[in-house]
Structure formats: C-alpha cells, structure tokens
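Novice: Annotation source Swiss-Prot lists ATP binding site at Gly9, Pro10, Ala11, Ala12, Ser13, Gly14, Lys15, Ser16, Thr17, citing sequence analysis.
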Amino acid sequence: MGFQIAIDGPAASGKSTIAKLLAERLGFEHLNTGATYRAVAVYLKEKGLNPSSPREELEKALKDVKVDYRDGRVFINGKDYTEKIQSPEAGILASDFAKLDLVREHLVRIQREICDDKNIVVEGRDIGTVVLPDAQLKIFLTASLEARIERKLREYQKKGLNVSREEVERELISRDTQDSSRKIAPLKPAEDAVVIDTTSMSVNEVLQKILKLVEERMKA
C-alpha cells in the first residue's frame, strides 16, 4: 500500500491549490475527485439524463463510463472533458447528481481503483470518510464564506470566465447546503482528520503545515 493523503473540505477552501502543490513537492500522484464528478455529470447531461431520470437509464449510462485522470485533466471514454467542467453550472450539476447513491458508488469505486497501491494526494468532499478511510493522513480544509467567494471569483477570472460575485456566492451556498445535507456521505471531517482553517493563512503557510504532518506520519 502506498502513502495516501486525503484532503477534504467545502468548495473553494483551497483543496486543489494545496493538493497540487503537495503532490509536486512530495513527488506523489494527484487526483481531484471533484473533477471526476463534474465530468460524469456533464457526460450524463449530454446523454439527455438528469438526476430525476429513471434509475435503470442512469445505471445503463454509468456502465459505459470509463474515467481517467491524468496530469490534471479528466477524460470520459477517452474524451477530454476538462474544459467542459469549469463553469459554475457544472459544479451545481455535479452536486445534484452526487445525491444519487448509484452515481457516488460508481465513482467511489473508480476513485479507489485509481488510488490503489499509489503514493497519492486525493482531494474532494468525502475522501477521508468514504473513499480512503484508511489514508495515512487526513486533512480537512475550511475557510470563511467570504474568503471562499474571493478565491472562487479569482479562479473563474483566471480562466477567462465572466462570472459575477453574486453568482459565485449563490453557487457556494448551494453547494454547501447540498454537501452538508445529503443523506449519502455528507460533508464532514473524518474523526481522525486534522482540521485547518485557511481563512487568514497563505498558501505556503498551509503547505508547510501539511508537509510537517506528512513528515511526522511517515516517521511513525
């Protein structure tokens, strides 16, 4: 078994930035599970399906789905979906589909297969509690809503997306509500997770804190 690091937290808490840098610094692989959810959600929508579609239709579509995650890009059946999943709509769509047990079970199985026997940093919503419950280090990042709105807005602006502050706030509040209230794997820290509030911390401060934790766990 490789050394697995689970990074959980709400949208725009800093998971992706920290996970990528941590993986680079350690020479580990990196998996963004949120990207896999968004890609599958967009794929299902393209197939004319929605979260209210008949279960048998969703099951049939999911059986045909092969997900690959390479170098920060996500592929469905060999087709690159990375650019298609950048919008706020894709994030909300993913949260809607993630309420369905058959979607979560299918993706959790795929995510575990990707992580098997690897030194890997995995980011998402339920990594430490569901996907990798035996991960050697579990981190739960959090931040104030205001800080997360600012971060998400900058992220969209860097991608050239014209999104208003109000749209970002609505997106985050909607995703927070869905993440914390869903019956299946609601967003919460694992009992053995280290919770880090990143509101007033720089990226480097967060990174150094986690690197110190990694060093301690590797020595244990």
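Every residue gets a Cβ built from N, Cα and C, even glycine.
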Novice: Mind giving me a neighbour count for Ser13 (ATP binding site)? Other Cβ atoms within 10 Å of its Cβ, every protein chain shown.
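Specialist: For Ser13 (ATP binding site), the 10 Å Cβ neighbour count is 24.
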Novice: If one looks at the chain holding Gly9 (ATP binding site), which residues at least 6 apart in sequence have a CB under 8 angstroms from its CB?
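Specialist: The list for Gly9 (ATP binding site) reads Lys15, Arg125, Phe140, Leu141, Thr142, given in order along the sequence.
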Novice: Which are the residues of the chain, Gly9, Pro10, Ala11, Ala12, Ser13, Gly14, Lys15, Ser16, Thr17 excluded, whose CB is within 8 A of where the CB atoms of the ATP site average out, their centroid?
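Specialist: For the ATP site, the extra neighbours are Ile18, Glu123, Leu141, Ala143, Arg148, Arg151.
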Novice: Select the most exposed residue of Ala11, Lys15, where exposure means the fewest other Cβ atoms within 10 Å, treating these as the binding-site residues.
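Specialist: Looking at the binding-site residues Ala11, Lys15, the Cβ with the fewest others within 10 Å is that of Ala11.
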Novice: What's the number of neighbouring CB atoms sitting within 10 A of the CB on Thr17 (ATP binding site)?
Specialist: 18
